[in-house]
Amino acid sequence: MLPPQLCWLPLLAALLPPVPAQKFSALTFLRVDQDKDRDCSLDCPSSPQKPLCASDGRTFLSRCEFQRAKCKDPQLEIAHRGNCKDVSRCVAERKYTQEQARKEFQQVFIPECNDDGTYSQVQCHSYTGYCWCVTPNGRPISGTAVAHKTPRCPGSINEKVPQREGAGKADDAAAPALETQPQGDEEDIASRYPTLWTEQVKSRQNKTNKNSASSCDQEHQSALEEAKQPKNDNVVIPECAHGGLYKPVQCHPSTGYCWCVLVDTGRPIPGTSTRYEQPKCDNTARAHPAKARDLYKNRPLQGCPGAKKHEFLTSVLDALSTDMVHAVSDPSSSSGRLSEPDPSHTLEERVVHWYFKLLDKNSSGDIGKKEIKPFKRFLRKKSKPKKCVKKFVEYCDMNNDKSITVQELMGCLGVTREEGKANTRKRHTPRGNAESSSSNRQPRKQG
């Protein structure tokens, strides 16, 4: 976790131009990973209380706490024993980042300090041309970032920031959006700032025809074109999944930073950035969850077009419904245990949730490679036409991450909702199911 004095780094790491790959060789990552295994999990409460002042101006209560922080920032060093001077915070960060600029990040942000050691009210990043207002302890103030000009800073941190001239125009999409006094642990502040890629995506999407759906593939191509232009070395090129979605984890290879994004828009999720390791991301996080119902509508299932796909989905839901009814009716069946059903769910929705819980042995929220095997056997045994079985699991895996979520399973089986009602139609009643007489449905015809 980055020290609080360096709360600019995640924002500015993405503003930096890519540096040669050899800066972060396999040996570098290996060394950092080994350090993490050894130091990052240290339990420090029982360590002797001997304060240390670090090179970034931060005071650590023990050597153990310092080592735990150093595993996240290998360049961190001990400046001297004892507490750091409060007024030297900005000065220490300035000295520290200047050293970083010489060693590793040539375009790292270097703060400006007042004579008393506090942060200057206006801070600028010379390479990108952006300036913004900060509080006396260096935190950015929301809505103050401007390009190639001096921002109008509020008289106090509680004063409402005046909106800058031209706000709301198209060129605002390129300005970094900074947090207003983030709450919580100061050490977590570093992970809350959007990356330059946020603004690149926003800017490119604004240029996309409003009548056409933007996709990661389009953004990827646009970024490649931008990267070819002069002085565009800082362009971040997104990684794409199947179907025009973004991969849930995006990284800036030259700096080692990674963060989670919304898979449908590519927007970074605040509080998720990490360095030298991949964050744990939600593979289904979306800005517009309601649109997920349309993802499978025109998605082709190889070897199973049109009416055949509809017949196949109906046979799968019929078989699953029958299995659930039999399992619930059999007192000796452990698979028949159902949690309290949602009264708004239709039979098909209950069936999918029941079967998903049955497959998700480790309760991880997705069905992995090993957990999916019973589903494949079920499809081969109880569904028809058989030609539709071969590629069905891949068809369900919308983001191509080798696992299936309950939303993906519902979507690929055609069990979706529209305007608060399940988008299903009347179908065959499973034997032995009294409840289904009032809930007989058929999946939406796809393809």
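Numbers here mean position along the shown chain, with the first residue as 1.
Even glycines carry a Cβ here, placed using N, Cα and C.
These figures come from a predicted structure and were not determined experimentally.
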Check for me: which candidate out of Cys44, Cys53, Cys84 does Swiss-Prot give as the disulfide partner of Cys64?
Cys44
Between Cys113, Cys124, which residue forms the disulfide that Swiss-Prot gives for Cys131?
Cys124
Choosing among Cys71, Cys84, Cys90, which residue does Swiss-Prot name as bonded to Cys53 by a disulfide?
Cys84
Return the residues near Cys84 (disulfide bond), defined as same-chain residues 6+ apart in sequence whose C-beta is under 8 angstroms from its C-beta, sorted by sequence, else 'none'.
Cys53, Ala54, Gly57, Arg58, Thr59, Ala92
Report the residues of the chain - excluding Asp397, Asn399, Asp401, Ser403, Glu408 - with C-beta within 8 Å of the mean position of the site's C-beta atoms, for the recorded Ca(2+) 2 site, in sequence order.
Asn283, Asp366, Cys396, Met398, Asn400, Lys402, Ile404, Thr405
Take the Cβ of Cys216 (disulfide bond) and count every other Cβ within 10 Å, whichever protein chain it belongs to.
24
Cα nearest Asn399 (Ca(2+) 2 binding site) among recorded positions (Cys133, Cys240, Cys281, Asn362) -> Cys240
Near Cys124 (disulfide bond), which recorded positions out of Cys44, Cys71, Cys133, Asp401, Ser403, Glu408 have their CA within 10 Å?
Cys133
For Asp397 (Ca(2+) 2 binding site), what is the secondary structure state per DSSP, taken as helix, strand or coil?
coil
